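Asks: Can you read through this structure? Questions will come right after.
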Amino acid sequence: MAMTRDTTWRYVFVVVAVALSLAAWLCTVFGVYSTVNMTFESYLTASVWVLLLAAAVLLYTSQHGLVPNCILLYPIFGASINLLLGSLTVRTQVPMFFDAVGTAIVAIIAGPVLGMATGLTTTVLGGAYFAYNLAFAPVGIFIGAAVGLLARRGVFNKLSWIIFSGLGIGIGSGVMSVYVLIFSFSGHPRKGPQNLTKFYEMIVQDERLAIILQGLTSDILDKVFTVLIACLVLRFMPKAIARHYTVTFNHEVMKKVLHAPDPHAESDASAQSTQQRATA
């Protein structure tokens, strides 16, 4: 009974966090939202930011005591990776974003809930100044949850499954992004890579549709490479570093990421050998 109570409140916190995120997104469908640039110049956008911050705090809290305290900090590092890579690619013509690589890495290591927390943390930090990114909070939550759940199912043990998983996540996040563009930025969508947008505009003769098609294409390509990069980083991470995040609760998951070697095996064997020599 005590165990049931211990897990129930965690589920409740996660559900409430998702509900707050959806409520925040619904606030962005009001016409005035698309006209605001700075987050705190409007009560509406400021309210959206506060709701997302509260949702992120609930996700962190739901995992307290369930994972090691050091891993609770991983979403902050993951969000930093997202913001860094996203800022490096935002001015290029590459039809990808790379702003969810940190989310994918944390989701594989720490599970879907902290993966969702990483996506939300990225949105909250990135949206502390510009309001535009706040509308895409559901996309970050979806990516973190999807990658974390797939990792727990052992899907990332083969390269082909990684690619197919990336395609599925890309389609899902792409469709969600299209809904954000339509409902949150109706008539005022932000353009992505100009070359790809112009290519679609030349074909469909409609600027808004071209931007939507560009976003959908970019999302699919981006998520395939995002999941692939995350898996490769974890697979070939030096053992000295991998030992810090490979612990009891995720040990089996990490072994299934492209059949990664056990980072503790060498140290365990060395310790056993030392003990045998001491006994002899």
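Here the Cβ of each residue, glycine as well, is placed from N, Cα and C on the backbone.
Annotations in TrEMBL come from automatic prediction, not curation.
What TrEMBL lists as transmembrane segment is 12-33, 40-60, 66-85, 97-117, 129-150, 162-185.
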Asks: Using Cβ distances below 8 Å and needing 3 or more such pairs, separated by at least 6 in sequence, tell me whether the transmembrane segment (12-33) contacts the transmembrane segment (66-85).
Replies: no
Asks: What stretch in 40-60, 66-85, 162-185 has the biggest tally of Cβ pairs under 8 Å against the transmembrane segment (129-150)?
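Replies: Most contacts with the transmembrane segment (129-150): 162-185.
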Asks: Six or more residues beyond either end and a Cβ under 8 Å away: which residues meet both conditions relative to the transmembrane segment (40-60)?
Replies: 13-14, 16-18, 20-21, 23-24, 27-28, 30, 32-33, 72, 75, 113-114, 116-117, 120-121, 123-124, 127-128, 131, 134-135, 137
